[in-house]
Amino acid sequence: MATLQKIGERISQSKWTKLYIALALLQGIMIIALQSAIASQNTAQASNIDLITSPSYSHSINNHTTEVNTAIHAALSRLNRIKWENIAFIGFQVWFVGMAFDATIYQNAAEIIVLAILNGICAILGGLQVMDGQRWLDRLDLLNTNYDLTIDVTPLQTAFYIEIVLTVVIILYALVFAYVSYLVVKEFGWVIYKKIGPDVVVQRMYRIFQFFVLTLKIDIFIEFLVSLFYVVQFAIDDGFHWDAYIQLVVTILILPILYFGRMSASGEHHGRMLLFIIFQFVVVFSLILMLWRTMFPGNEWYTWIAFVILGIIFALATAVLGAWTMSNFGKGLEPYVRRGGQKKEQMSRQELREERSVSSWRIDDD
């Protein structure tokens, strides 16, 4: 566990580490503020649409055809659900800032590289938000024109403009963040060498282990929050079918199993790692079920689909890296990846051996 002193030293190690953390914090604050504003406008738009569903309203949709009713209720459902999408982006930024601190404190170059890539993916998802906002603006304008409705789309129009600003901000931050990440990675280049030594084989095994641990951290957001989102938003609203019970059980198990996988890898337990890898394929099956339940005609929820597909990709990557890590068990990596008391005991023994080795070569001055 890192002490406050160690945290302060690692963050203030150089101007680049300071800038890296400052950028992560500024990005998090700005994007959370913009996503909150978008969520507020989408909620206001949902209220405007909900108003015309009232029988007492002069332009109530109850006076129109089934086709209009279906279109309006689809828009209302979409706007009510989009708040969860905004919450997911806010959650991602909180997680991202935490990961930036984690990467800096533990000087994990692999983590910094992947965070820069994820930031780029986030920019793409921001663009999808803009496309989705424009699509629903066009649909509501068409309904107003064709059926003489008076749906006020001002909040959705405002949200659309904020989404454009958000996308530009994310792209700019992603570019600057990528450059600073490159400089920080160069600075951390000697960390593995100092920890492992010149043994290239052990260095390679250690890097594989680092990437495996990194996927576990990413899975906290991608696997767990996506599964939780589905259970809360879709399964509860649509009723608990047989697959919903699978989603519920998998969601409850994800966090404990991720920790179980981390401890199994550091302790080099073959049987436990095999169970962990099997569970990752269960997660893949669960995510495929989510797509099956939520991908139907007229529900082009691009951001949600992208999140689920990312979840499938990272679950498979976690399984592959877990198997790769397991193939390196018993080859000399364990002392460098042990955790807690076992690590301290292992390092104490290693230090004692080194001390004895030095003593055996010491020349007697007498």
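The backbone N, Cα and C atoms fix where each Cβ goes, glycine too.
As recorded in TrEMBL, the features of this protein are as follows:
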type	residues	note
TRANSMEM	20-38	transmembrane segment
TRANSMEM	87-105	transmembrane segment
TRANSMEM	112-131	transmembrane segment
TRANSMEM	159-185	transmembrane segment
TRANSMEM	206-232	transmembrane segment
TRANSMEM	244-261	transmembrane segment
TRANSMEM	273-295	transmembrane segment
TRANSMEM	301-324	transmembrane segment
REGION	340-366	region 'Disordered'
COMPBIAS	342-357	compositional bias 'Basic and acidic residues'
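By the Cβ criterion (under 8 Å, sequence separation of 6 or more), the transmembrane segment (301-324) is in contact with the transmembrane segment (112-131), since 3+ such pairs are found. Of the candidate ranges 20-38, 87-105, 112-131, 159-185, 244-261, 244-261 contributes the most Cβ pairs within a distance under 8 Å of the transmembrane segment (206-232).
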